[in-house]
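S.K.: So Swiss-Prot has the following annotated:
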{"type": "BINDING", "residues": "TYR17, LYS38, ARG39, GLU40, ARG67, ALA85, GLY86, LEU87, GLU104, GLU127, ASP150, GLU151, LYS176", "note": "GDP-alpha-D-mannose binding site"}
{"type": "BINDING", "residues": "ALA85, GLU104", "note": "Mg(2+) 1 binding site"}
{"type": "BINDING", "residues": "GLU100, GLU104, GLU151", "note": "Mg(2+) 2 binding site"}
{"type": "DOMAIN", "residues": "43-180", "note": "domain 'Nudix hydrolase'"}
{"type": "MOTIF", "residues": "86-106", "note": "motif 'Nudix box'"}
Amino acid sequence: MSQTITLIKDKILSDNYFTLRNITYDLTRRNGEVIRHKREVYDRGNGATILLYNSTKKTVVLVRQFRVATWVNGNQDGMLIETCAGLLDNDEPEVCIRKEAIEETGYDVGEVRKIFELYMSPGGVTELIHFFIAEYHDSERASIGGGVEDEEIEVLELPFSRALEMVRSGEIRDGKTVLLLNYLQTSHLMD
């Protein structure tokens, strides 16, 4: 017998910006035992992220911005260095990430390559993130970036070796960014 899930109750606790739901479900184990669970699930929609790299200059483009959740959790100034990212908002992942790249970094990149899709915090968050990389060139800079009207985003062009050192030193602590930097390193695209 395989494990089965039966939804008992799905209650919306909050739907201000994203949706917080209280889910009650029965888990029937393989041995037939039924266990009732109650969990809060945060549904913020799915997202996409991209690491821009230049294999000639050996650089990457990251952004620095305030992230309130990190501030609440002890990040003193709330600033986080990360890859460009955004929510899909009914767009296809590649369409979304191209828009975000222009808005946040100012780069209108050519070919983008999807690497993988991952759940970053599946214990309580529904978000599935689509991960991309793209080579960028100075000639593709369409604007200064910095985000839309309610965002304050600093664009960082860093030597790839410096970005890797920032992961080791703890200056970069964003999971999606660490994954993409490690992917770039192990793929040997910067060799």
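Yeah, the Cβs are placed from backbone N, Cα and C, and that goes for glycine too.
Help me picture where these features are in the structure shown.
M.R.: Taking a C-beta cut-off of under 8 Å and a sequence gap of six or more, GLY86 (GDP-alpha-D-mannose binding site) has these contacts in its own chain: GLY47, ALA48, CYS96, ILE97, LYS99, GLU100, GLU103, GLU104. Under DSSP, GLY86 (GDP-alpha-D-mannose binding site) is assigned to a strand (E or B) in the three-state scheme.
The secondary structure of GLU100 (Mg(2+) 2 binding site), as reduced to three states from DSSP, is helical.
The average pLDDT computed over the domain 'Nudix hydrolase' (43-180) stands at 94.
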S.K.: Restricting the comparison to the binding-site residues ARG39, ARG67, ASP150, which residue's C-alpha is spatially nearest the C-alpha of ALA85 (Mg(2+) 1 binding site)?
M.R.: ARG67
S.K.: What kind of secondary structure is ASP150 (GDP-alpha-D-mannose binding site) part of, going by DSSP in three states?
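M.R.: Reduced to three states, the DSSP call for ASP150 (GDP-alpha-D-mannose binding site) is coil.
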S.K.: State, in Å as a whole number, the widest CA to CA span among the GDP-alpha-D-mannose-binding residues TYR17, LYS38, ARG39, GLU40, ARG67, ALA85, GLY86, LEU87, GLU104, GLU127, ASP150, GLU151, LYS176 given in the record.
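M.R.: It comes out at 38 Å between the most distant Cα atoms.
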